[in-house]
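K.L.:
Annotation source Swiss-Prot lists compositional bias 'Polar residues' at 1-31. The disulfide bond annotation in Swiss-Prot covers Cys120-Cys203, and the record cites sequence analysis as its basis. Positions annotated as N-linked glycosylation site by Swiss-Prot: Asn10, Asn18, Asn29. Summarising the annotation, Swiss-Prot assigns region 'Disordered' to 1-38. The feature topological domain 'Extracellular' is assigned by Swiss-Prot to 1-41, 104-121, 185-220, 294-313, with sequence analysis given as support. According to Swiss-Prot, the topological domain 'Cytoplasmic' annotation covers 64-82, 144-163, 242-272, 334-399. Among the features that Swiss-Prot reports, transmembrane segment is placed at 42-63, 83-103, 122-143, 164-184, 221-241, 273-293, 314-333.
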Amino acid sequence: MSQRQPQSPNQTLISTTNDTESSSSVVPNDSTNKRRTGDNSPGIEALCAIYITYAVIISVGILGNAILIKVFFKTKSMQTVPNIFITSLAFGDLLLLLTCVPVDVTHYLAEGWLFGRIGCKVLSFIRLTSVGVSVFTLTILSADRYKAVVKPLERQPPNAILKTCAKAGCIWIMSMIIALPEAIFSNVYTFQDPDKNVTFKACASYPVSERLLQEIHSLLCFLVFYIIPLSIISVYYSLIARTLYKSTLNIPTEEQRHARKQIESRKRIAKTVLVLVALFALCWLPNHLLYLYRSFTSQTYMDSSTVHLFVTIISRILAFSNSCVNPFALYWLSNTFQQHFKAQLFCCKAGRPDPTAANTPLDNLAVMGRVPGAASTQMSEISVSPFTGCSVKKEDDRV
């Protein structure tokens, strides 16, 4: 394919091609880490480390999310309102791990975009849809947990499961609608680094020359997929923590042993939620800051410095890692899921669930998944945190 030459030595060449495509900027396309950049490209040792890291993320993430989904569908007691959202989150993570993460590895293997114009648009759509499903599901989960804390005695209607499935479906539809413009405008562009006199193709949402569009796009991504949902989640869980703390002050020390254990459990859960919020912010903040940096700094040429390359790799690994940690956070925090996980992983009979799980005190509805249509004293063992899709422990578990 013929390429136009730059008009001046310092001008970046950008030309739309017919056989390449763009990637979602929520996980910015890495156009600077190719081996073509010469001296600042990763060495053999670094490339091996990158390949191994990606392989671990893909294999561990697929295994964990697949088991989580299987446990949900095979275990009736796990089919609670919060676990529907968790399973939806697992589907979104699995979609990302099966498509976009393997494609991202090719940035370090090939000299340019390999998947054509259609592939670029499809992958951009999938990537942004998955990110939207994750972020918006976590936000809805935070609202669900807040409601459970404020109204622990409220009985869920018999059609709660159906309504929750509808909500999860709406999240997917909304995420796809938001991702649609990304797929429409994404394309493959040819870039030139005038300092090294090399050209390469990359999938991008907008041409580098469209400075204003990049700035608007990066700000919108930062607000819609990070600042706004994280702010909402932070408000909900600040209120949850405050409610849990105040409730512990109102229970006399002479209460029965069971109530005292419940108080300690609620304190541990409040602390765990704060940690999960920090983990969520940590995984996504570098990625968004990197895209903002690329959009608002000089773009007359691609930054191929070693520091920029290192930050890019780390930010992408952190973002993709968020899709594989949820099942293992759930394994760590939920004794019942741990038993089912082991049963599926090692093909053995799952251990008998803790009988106290079906008779948990009403106060623990704040962090327990209530069984729709059941008496108010009946509830499932699983409870969730919205940031990793993981369950919070039963009162006899330890955080």
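These residue numbers are counts, starting from 1, taken along the chain as shown.
Including glycine, each Cβ sits where the backbone N, Cα and C put it.
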K.L.:
With the transmembrane segment (164-184) as the reference, find which of 83-103, 221-241, 314-333 contributes the most Cβ pairs under 8 Å.
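P.N.:
Comparing 83-103, 221-241, 314-333 against the transmembrane segment (164-184), the winner is 83-103.
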K.L.:
Across all chains shown, how many C-beta atoms besides its own are within 10 angstroms of the C-beta of Cys120 (disulfide bond)?
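P.N.:
Step by step: centre on the Cβ of Cys120 (disulfide bond), count other Cβ atoms within 10 Å, giving 29.
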K.L.:
Any chance you could find the range in 122-143, 221-241, 314-333 with the most Cβ pairs under 8 Å to the transmembrane segment (42-63)?
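P.N.:
Looking only at 122-143, 221-241, 314-333, the most contacts with the transmembrane segment (42-63) come from 314-333.
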K.L.:
Averaged across the topological domain 'Cytoplasmic' (64-82), what pLDDT does the model get? Just tell me the whole number, please.
P.N.:
89
K.L.:
What number of additional C-beta atoms lies within 10 angstroms of the C-beta atom of Cys203 (disulfide bond)?
P.N.:
29
K.L.:
Give the helix, strand or coil assignment DSSP yields for Cys120 (disulfide bond).
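P.N.:
DSSP call for Cys120 (disulfide bond): helix.
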